[in-house]
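Remarks on the structure that follows.
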Amino acid sequence: MSPYALSIIMSSLAAGTTLTLTSNHWFLAWMGLELNTLAIIPLMSKTHHPRATEAATKYFLIQALASALILFSSTTNAWFTGEWEITNVSHPMSSTLLTVALAMKLGIAPFHFWLPDVLQGSNLFTCLILSTWQKIAPITLLIQINMQLNTNLLIIMATMSTIIGGWGGLNQTQLRKIMAYSSIAHLGWMMLVLSFMPTLTTLNLIIYMTMTTTMFIMLMNLLSTTMNKMAMSWLKNPTTAALMMITLMSLGGLPPMTGFMPKWLIIQELTKQNMIAVMTIIALSSLLNLFFYLRMSYSMSLTTSPNLSNIYAIWRQKNKNMMFLSMMIVLSTLMLPITPTMINMMN
């Protein structure tokens with residue numbers, strides 16, 4: 001892709017998210033979401049492969065349906081209340097439709113079916129944008145209207161997301177699909193605490209984006225898209241492979257990694273809300289995620305593919321992204337000691 005075209009696309013992505021974050025009017029927020037959708041589609045279809053075309057088509061159809069629902073629900077709310085403000089969604093039907101539409105945009109269960117296929121048909125860089133940057137605007141809208149949302153609907157969708165996100169990744173060998181189900185599970189944790197403590201949802205989103213960005217950058221450095229290619233990571237770059245194991249443990253929420261912080265705080269908040277049954281279900285479902293993260297670590301560190309040459313010994317070469325990657329790895333793995341500071345900031 002031409003550098004000029006790429007710069008226009010990336011600028012459009014930034015402008016769409018910024019417009020949604022700074023708008024106070026539903027029509028402007030809808031425009032920002034549409035700009036985000038239209039900007040990412042050329043990145044998805046630039047490889048001219050049938051799978052990429054299929055992924056771009058699925059993504060466009062789902063996002064167009066969700067955008068139409070957002071526009072319809074905001075218009076209905078304006079009809080009944082006379083206001084277009086984002087924070088004033090008082091009509092129950094508008095609130096429910098907005099929740100469903102934003103869940104479709106994010107890929108929350110039961111509207112998650114498009115996410116694994118779309119990520120599988122995209123390259124790793126596009127998967128990184130879809131898994132991180134494209135989540136910011138819809139989650140921000142949900143945080144802004146969290147007081148008007150149907151709490152029971154959010155809890156049901158969040159519990160389904162954590163279960164499906166863990167169960168769906170068990171039999172996968174494609175790393176992009178595994179990261180898609182990981183995204184679904186993490187979104188479930190975010191939605192579960194949205195109605196009670198939106199600042200905790202924001203913290204979870206920041207930590208999730210940090211860990212996912214680190215993981216995708218390492219996958220791009222190792223050129224790994226399947227479990228078989230991941231098994232050769234130790235031959236390609238031993239340092240990156242060792243650090244990827246730690247990042248996988250952090251994604252699974254294993255202490256003392258950074259990924260344990262949001263799970264710990266969310267479980268604590270659910271205990272305060274006397275939601276013991278839901279807390280038990282999501283805690284057990286996170287073990288499913290931890291299983292396939294451990295399987296990825298096992299295939300990368302404890303298995304070595306047959307290789308008689310040093311063709312994969314590229315780890316001696318200089319890595320241009322090593323400085324940025326090192327900072328992201330530190331943030332993804334070593335931030336648990338600042339948990340008391342985070343609790344004080346949220347309170």
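Any Cβ shown, glycine's included, is placed from N, Cα and C.
Where the annotation comes from TrEMBL, it is an automatic prediction and has not been curated.
According to TrEMBL, the protein carries these features:
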DOMAIN    23-287  domain 'NADH:quinone oxidoreductase/Mrp antiporter transmembrane'
TRANSMEM  56-75  transmembrane segment
TRANSMEM  95-115  transmembrane segment
TRANSMEM  153-171  transmembrane segment
TRANSMEM  178-197  transmembrane segment
TRANSMEM  203-223  transmembrane segment
TRANSMEM  235-255  transmembrane segment
TRANSMEM  275-294  transmembrane segment
DOMAIN    290-343  domain 'NADH dehydrogenase subunit 2 C-terminal'
TRANSMEM  322-343  transmembrane segment
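Listed as Cβ neighbours of the transmembrane segment (95-115) (distance under 8 Å, sequence separation of 6 or more from its ends, same chain) are residues 33, 58-59, 62-63, 65-67, 69-70, 72-74, 76, 89, 135, 138-139, 141-142, 145, 148-150, 153-154, 157-158, 160-161, 163-165, 180, 183-184, 187-188, 191.
Counting same-chain residues at least six beyond the ends of the transmembrane segment (322-343), those with a Cβ under 8 angstroms from any Cβ of the stretch are 203, 207, 210-211, 213-214, 217-218, 221, 240, 243, 246-247, 249-250, 255-261, 264-265. For the transmembrane segment (203-223), the residues of the chain that approach it from at least six positions outside its boundaries are 124-125, 127-128, 131-132, 135-136, 139, 175, 179, 182-183, 186, 189-190, 193, 229-230, 233, 236-237, 240-241, 243-244, 247-248, 250-251, 258-259, 261-262, 265-266, 319, 321, 324-325, 328-329, 331-332, 335, 342, 346, judged by C-beta separation under 8 angstroms.
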